[in-house]
């Protein structure tokens, strides 16, 4: 308490010395440095009531144990990105033609061009048709060349891909001529697995613990990721992609929960940002491997092999002490904390361990119904669901927009992924200087600006939305790609702030459940994007991006700030902390007036 009084005295002395400047600046009663000092004081007050923060200080805020934990927790994010975006690289193929090898029986020395010219009908523009062929006739080669073939039909013996340099799912299962929608089916199956995985793993994470949820999700990546390489039918491929999506979302929920509950203050923010950087590295790694491998099965084989070393997590990954306490496992929580302290070469004072008891020795219980009963929890869930819906819708809309512009699949992935790393690192500065709430608002505001610019840039190769007399179409197309890249930059920052902010807003007893419920909105956003783009002009999807970003920006103002605040443990913890901070601000204002 003496330290607090000295701290307050320092604040009052600085306030008195700058009293003249305060009156000169209307609407700014404190200078920036004074605001920083006040924020530190509020952090001291709130931290005193957080037993786990004090314990983690004694353990070592970010010692060897925490550094190892962050590395172990987020390195698998590389493989999550690998399997999440793999579909984009296994559905590529050159234009196919009907298999007309029957003519080689009468003309074995025909070149590929001569074979196509004799057996495949042509479109009015001179290109060969993909889905039709001339029916075979019992003639010799000279008669076929002299009289030609006239009777056409659909392909009888499959297709050939004369210009294909790689073996993809398209030429593996002949997904052409009415089967092109199978590609969208694969994407829909992957998206369908996300909400189911969210529901399954939020139960596992909150009921069984963060540690078993992480192990189960990694096991799913090994089984479904490695097994995909051996699928001999497209339906089995869809089933395994469905399983992979559940594992990916399960790992995201459980890993963020574990890292959030082991770290304090800005270390928590830095760890989640680092995890998202690993995710971007995974997307770049996928692009490089997919570019170099000639077969789609090899891609999944390599991915499955890279996940196998994570089996060792069974012996080296710890459980969350916060979750153990919420489940009444005080002894196990103390053991985990003491082990962490020994790794960091620290000693936890016995009085701190003795304070680690449950209030009235009752186990904290919560259910999904609390998201409806608790007003604050309901508000947080709805607002964050709106933000996640906006992010998902915008991501898929812009990805399809890039494809419309004729950008190669490798460029569409590697460049935005590289840009994501500095975007996420910039969040460190934002989160430290302006907090979680305003960081989310700033990134959403950037999204609004870039979407508005897209409304006035060219629609694609067929024409321009507005007349730009001094700019050729190629330059306008380049401008559109640049704006899309900048929008990806803002989107990456929004996702990073979103995950950290959401994890800090939700209480420990329902953190994984809340993350799972919020992630359901991403599926709805993706489905809406795919539906609108396939049925409406290109102007409406971008316009909806602007509208949704404005709505999310407005709703974000309803959320409380979590910077320098302890993690919520129970359903009423957040309201208690806010009341204490409000009382402290009132006392500070009263002392300033005196």
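Note that Cβ sites are derived from N, Cα and C of the backbone, with glycine treated the same way.
Pulled from Swiss-Prot, these are the features on record:
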TOPO_DOM  1-70  topological domain 'Cytoplasmic'
TRANSMEM  71-91  transmembrane segment
TOPO_DOM  92-184  topological domain 'Extracellular'
CARBOHYD  99  N-linked glycosylation site
CARBOHYD  117  N-linked glycosylation site
CARBOHYD  125  N-linked glycosylation site
CARBOHYD  150  N-linked glycosylation site
TRANSMEM  185-205  transmembrane segment
TOPO_DOM  206-210  topological domain 'Cytoplasmic'
TRANSMEM  211-231  transmembrane segment
TOPO_DOM  232-235  topological domain 'Extracellular'
TRANSMEM  236-256  transmembrane segment
TOPO_DOM  257-270  topological domain 'Cytoplasmic'
TRANSMEM  271-291  transmembrane segment
TOPO_DOM  292-297  topological domain 'Extracellular'
TRANSMEM  298-318  transmembrane segment
TOPO_DOM  319-379  topological domain 'Cytoplasmic'
TRANSMEM  380-400  transmembrane segment
TOPO_DOM  401-408  topological domain 'Extracellular'
TRANSMEM  409-431  transmembrane segment
TOPO_DOM  432-437  topological domain 'Cytoplasmic'
TRANSMEM  438-458  transmembrane segment
TOPO_DOM  459-488  topological domain 'Extracellular'
TRANSMEM  489-509  transmembrane segment
TRANSMEM  513-533  transmembrane segment
TOPO_DOM  534-538  topological domain 'Extracellular'
TRANSMEM  539-559  transmembrane segment
TOPO_DOM  560-594  topological domain 'Cytoplasmic'
REGION    566-594  region 'Disordered'
COMPBIAS  567-578  compositional bias 'Polar residues'
COMPBIAS  580-594  compositional bias 'Basic and acidic residues'
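The topological domain 'Cytoplasmic' (319-379) scores a mean pLDDT of 77 in the predicted structure.
Each of the glycosylation sites 99, 117, 125, 150 was scored by the number of other CB atoms within 10 A of its CB, and the lowest score belongs to 125. The largest share of C-beta pairs under 8 angstroms with the transmembrane segment (489-509) comes from 409-431, of the ranges 211-231, 271-291, 298-318, 380-400, 409-431.
Outside the transmembrane segment (71-91), and at least 6 residues removed from its termini, the chain residues within Cβ reach (under 8 Å) are 168-170, 175, 183, 186-187, 190, 214, 218, 221, 225, 241, 244-245, 247-248, 251-252, 255, 258-259, 271, 274-276, 278-283, 285-287, 290, 296, 299-300, 303, 306-307, 310, 313, 316-317, 409, 412-413. Of 99, 117, 150, all annotated as glycosylation sites, the residue with the shortest Cα distance to residue 125 (N-linked glycosylation site) is 117.
Ranked by the number of CB pairs under 8 Å to the transmembrane segment (513-533), the listed stretches 236-256, 271-291, 298-318 are led by 236-256.
Secondary structure of the topological domain 'Cytoplasmic' (206-210), assigned with DSSP and counted as helix (H, G, I), strand (E, B) and coil, comes to 3 helix, 0 strand, 2 coil. As a quick check, the transmembrane segment (211-231) and the transmembrane segment (185-205) clear the bar of 3 or more Cβ pairs under 8 A, pairs 6 or more apart, so the two touch. Within the same chain, residues 387, 390, 394, 401, 427, 430-431, 464-466, 473, 476-477, 479-480, 483-484, 486-487, 490-491, 493-494, 497-498, 501, 539, 542-543, 545-546, 549-550, 552-553, 556-557, 559 sit at least 6 positions outside the transmembrane segment (438-458) and bring their C-beta atoms closer than 8 Å to a C-beta of that stretch. Ranked by number of Cβ pairs under 8 Å to the transmembrane segment (298-318), the listed stretches 236-256, 271-291, 539-559 are led by 271-291.
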